[in-house]
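Now, the feature entries from TrEMBL:
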DOMAIN    21-137  domain 'BAH'
DOMAIN    139-190  domain 'PHD-type'
COMPBIAS  195-204  compositional bias 'Polar residues'
REGION    195-216  region 'Disordered'
Amino acid sequence: MAKPKAPRRTLESYSVKHITKTIRAGDCVLMRPSDPGKPSYVARIERIEADARGANVKIHVRWYYRPEESIGGRRQFHGSKEVFLSDHFDVQSTDTIEGKCTVHSFKSYTKLDAVGNDDFFCRFEYNSSTGAFNPDRVAVYCKCEMPYNPDDLMVQCEGCSDWFHPACIDMTVEEAKRLDHFFCESCSAEGQKKLQNSHSASRLSDTKVDTKRRRR
């Protein structure tokens, strides 16, 4: 007759001696990759379990994927510190933890004054079997209509409030950094048109004009 499995209990926290840090459910950690040439894996701790004696501690994790690990691969708008929260769950030994890290929301990441080695951000959930993302659409910017990459400098038009990559508006990054004001091509043209209309109206202010608008 098979020996019954010893019951395991859930721990609220656990002190990982080799990194001198305490971990809890909800914390994000860096974990040792199977290939030493690859960057550390990023995971979120879902649950910490130990045997009845408090030994043989295991962590239940939910993996974050890096863009290059996804089916579509890394794309131009993916940030260097971007990760996707996957539907891939696993159980790992605490011995594989290399350190703690922080996975920020996209909004809070863009407001950081400085990005450290242990800072990451997530704006998508990822289905590891289908390659689908949630949300499947995000806001796009610039003439190139690409999602925002926080690693890239962009300039904002004071007219339409859209953001533009310097290269897309025939400008170097250095030139963009020196800008005090910026109006995109469309807003500059619109501004000129308004100015001309304003001059025309002032010249004709003393004359009664009967006009008809054509419906389009």
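Any Cβ shown, glycine's included, is placed from N, Cα and C.
In TrEMBL, annotation is done automatically, which means it is predicted and not curated.
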Do you know the DSSP helix, strand and coil residue counts for the domain 'PHD-type' (139-190)? 15 helix, 6 strand, 31 coil
By DSSP assignment, list the helix, strand and coil residue numbers for the domain 'BAH' (21-137), in that order. 11 helix, 54 strand, 52 coil
Looking only at the domain 'BAH' (21-137), mean pLDDT returns 95
